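Here is the structure we will look at.
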Amino acid sequence: MATAAQRRFCRCACFCSQNLYVARYGLHLRFRDEHQLRRDYGQLLRSRGCVTSKDFQQLLEELEQEVGRRRRLGQESAVRKALIASSYHPARPEVYSSLQDAALAPEFMAAAEYSTSPGADLEGLLQRLETVSEEKRIYRVPVFSAKFCQTLLEELEHFEQSDMPKGRPNTMNNHGVLMYELGLDDPLVTPLRERFLLPLMALLYPDYGGGYLDSHRAFVVKYALGQDLDLGCHYDNAELTLNVALGKDFTGGALYFGGLFQAPAALKETLEVEHVVGSGILHRGGQLHGARPLCKGERWNLVVWLRASAVRNRLCPMCCQKPELVDDEGFGDGFTREEPTTVDVCVLT
C-alpha cells in the first residue's frame, strides 16, 4: 500500500472558495467576492438573521479570514508538525509505537480477518457487525479496547494542555487534534486503514471505492461545555468515514443521519445514533449527518475520513466537478495526478 512519502497527494482548488461554514447561520457558503456573496446568498442570509450592514460586513470579514487560513493551511500545518516532532514530550509514548493487536477490540480484528479470508462475502461480514441502518448502510463495530481508549485520551489531553501549536481538526470544529501533526498518522492510523479498514470497507462499500482506499485524514474532535457543543449538518470530504467514540463520561451528543447529500429531501427522515465508547460508526462520506448538543461532560471522538483517489480523481465530492489539483502536504485531500484505476462507483447526479 502506498504512503504519502511515496506518492504526491493534492487537494482541489475549491477548498479555498467552497463549503465555507458559518455556524451562526447554519450555512455552508461558496465565496469569491462581496458581489457574488450578495447575489447568491443575499435573500437566504437575511432569512437566517444576517440583516444589517454590520451583520454582512462581519460575515464578509470572517469569510475572507477563513479563505486566508485555508490558503496557508498546508504550509502552517507542516511547520506545526515539525515543531511538535522536535519539541513535544509525550505523556504516553507507547501510543506512538506501531499499532498493536492488544489495542484493538477482538470483534474488530475478527471482522477484518474474516474479510480477508477466501470466500468472504457481505452476508458473512454483516454477521460480525451491528447493522445500525440497512437502508442508510450504517454499521457499528467495537474498534479499540477500553485500555487503549484511556491511554490515547491521556495522551491527547496532555497534548491539549501543552504549549505546542494546535491546528483546527477540520473546517467546522474548533477543538481537537490533527493526528498527522501529532505524529500519529504513521504508527496508528495508516496501519488501521491498510490492515483492517480496507478489507472491511471493500466488502461493505465496493461501490464507493471501499477496496481502493489509499489515503485518509484523521483527527480527534472534542466537545465540552464552553467549547464546541454540537455540530451542524454536513457531509464529509471522504468516500467513507469511521467515527470512534473514545470517551469520556458524557450525556447527549448523539449523531444524526439523513440521506445522501445529492438526494432530494435528504434530511426529511433522520436517524439518531448514540455513541458507544470504543466502538466505531462506519458510514458513507456523502451521508448528511451532524451531532446533537452535548448535555454534560466531555466527548472525544476519533474521526477518520477514508479516501480513494481512484474515485475522487474523477469528481471532487465538495464541488462536484473534476478536481482542479493543487499540490499539498501529507495525504492532502486524497487526490493524485495519476490516471485513476477504473472503478465502478455509485454517483448520484
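Glycine is treated like the rest: Cβ placed from N, Cα and C.
In the record from Swiss-Prot, residues His234, Asp236 bind Fe cation; the candidate from His175, His275, His289 listed for the same site is His289. Annotated Fe cation site His234, Asp236, His289; additional same-chain residues within 8 Å of its Cβ mean position, judged by their own Cβ, are Cys233, Tyr235, Thr241, Gly285, Gln287, Leu288, Gly290.
There are 17 other Cβ atoms within 10 Å of the Cβ belonging to His234 (Fe cation binding site).
Residue pair His234 (Fe cation binding site) / Arg299 (2-oxoglutarate binding site) shows a Cα separation of 19 Å. Note on the binding-site residues His289, Arg299: the fewest other CB atoms within 10 A surround the CB of Arg299.
For the domain 'Fe2OG dioxygenase' (214-308), residue counts in helix, strand and coil come to 0 helix, 60 strand, 35 coil, using DSSP.
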